[in-house]
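Each remark here refers to the structure printed beneath this line.
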Amino acid sequence: MNPWKSQPIIGQAPMDGVTDAAFRYITDLHGKPDVLFTEFVSVEGVGNGAVRLLNSFITHETNTPIIGQIYGTEPHHFYTVAIIVAELGFSGIDINMGCPDASISKRGAGAGLIRTPKLAQEIVRTVQKAQKDWSNGITVDDIALRGSIRKWVSSHKPKDNPRSLLPVSVKTRIGFDEITTSEWIPHLLEAQPAAITIHGRTLKQMYTGQANWEEIAKAAEMARTTETLILGNGDVHSRNDALNKIQEYGVNGVLIGRASFGNPWIFTGEEVSNKVRLETALEHCKAFERLTPEGHFLSLRKHLAWYCKSFRNSAHVRDQLMRVQSSADVEKILNSVISTLE
């Protein structure tokens, strides 16, 4: 299914350390966004045999398009991992060119690619070629891979996976140290990605200040004569806010990030009770244990805390949840709170 076919698009933004399999499952179940993304995966890491990184590609059965996001700097590794993403049955491939984390950007990946537009173009075209090759019959058995990687892919790929040309998209920012939308976006448009999602801040800003939607609108105008869709991202606080920004800034869609933490209902605009929020937190916990059995429970704690706001003693409950070790611990704490809300 083409994730970019139906517009306007209101989707879940990819976020490292957040949009894992359990998060996507809960968001899909309760929010039904138009598109979901995995956490990003290092192409160099996978290319060099780091099997554990592939756990970010574990997902649930759904009719909602899920896009595999990848990052790095070496085109030949992008080719390899793009074949893997296609083999695993994703609906598209997104290239991260916007992560501001210093450990990533300083080696030229993520938002670091804003400084090397020719390399960025080469990466997009390499991933596009990989998709053409995969649609024409290439498989993971035809490319150089560590045996452990090949085995993981074989055990996780869907049985029924019709070959088609997966759309290649990019997620980026409006600049590195300063705003360079007018220079940077045309380079990406030359490579003809299916979509570009633009976060309205520079790398230097990280997540401070306000997202600059005027610059996102400028990019949307640049793309008007192309087939590339432009999506905006940054400071979207509700479904109505997303719809208003789509209308006001002329974008094809919006990806919602931090406002969805502990709030999958943001995509529907539904207001839910604290009881429903806590029941969903427990559901999220159980989904985490089911979908990521090798995952560290520590990484789930922040998700649980996000659900616990705006009710009596919520700070105390969050404090308790920061020490849980299993779903049984969570169930005991949340059930005691839920009983007081009924």
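Every residue gets a Cβ built from N, Cα and C, even glycine.
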Q | Which of Gln7, Gln69 belongs with Lys171, His199, Gly257, Arg258 in the FMN site listed by TrEMBL | A | Gln69
Q: Could you put numbers on the helix, strand and coil content of the domain 'DUS-like FMN-binding' (12-132), residue by residue per DSSP?
A: 62 helix, 17 strand, 42 coil
Q: Compare all C-alpha positions of Gln69, Lys171, His199, Gly257, Arg258, the record's FMN binders, and send over the largest distance in angstrom.
A: 18
Q) Ranking the binding-site residues Lys171, His199, Arg258 by other Cβ atoms within 10 Å, which is at the bottom? A) Arg258
Q: Round to a whole number and give the Cα-to-Cα distance in Å for the pair His199 (FMN binding site) and Cys99 (active site, proton donor).
A: 10
(Q) Return only the integer: C-alpha distance in Å from Gln69 (FMN binding site) to Cys99 (active site, proton donor). (A) 12
Q: Around the Cβ of Gln69 (FMN binding site), how many other Cβ atoms lie within 10 Å? Please give the count over every shown protein chain.
A: 25
Q) Rounded to a whole number, how many Å is the Cα of Gly257 (FMN binding site) away from the Cα of Cys99 (active site, proton donor)? A) 13
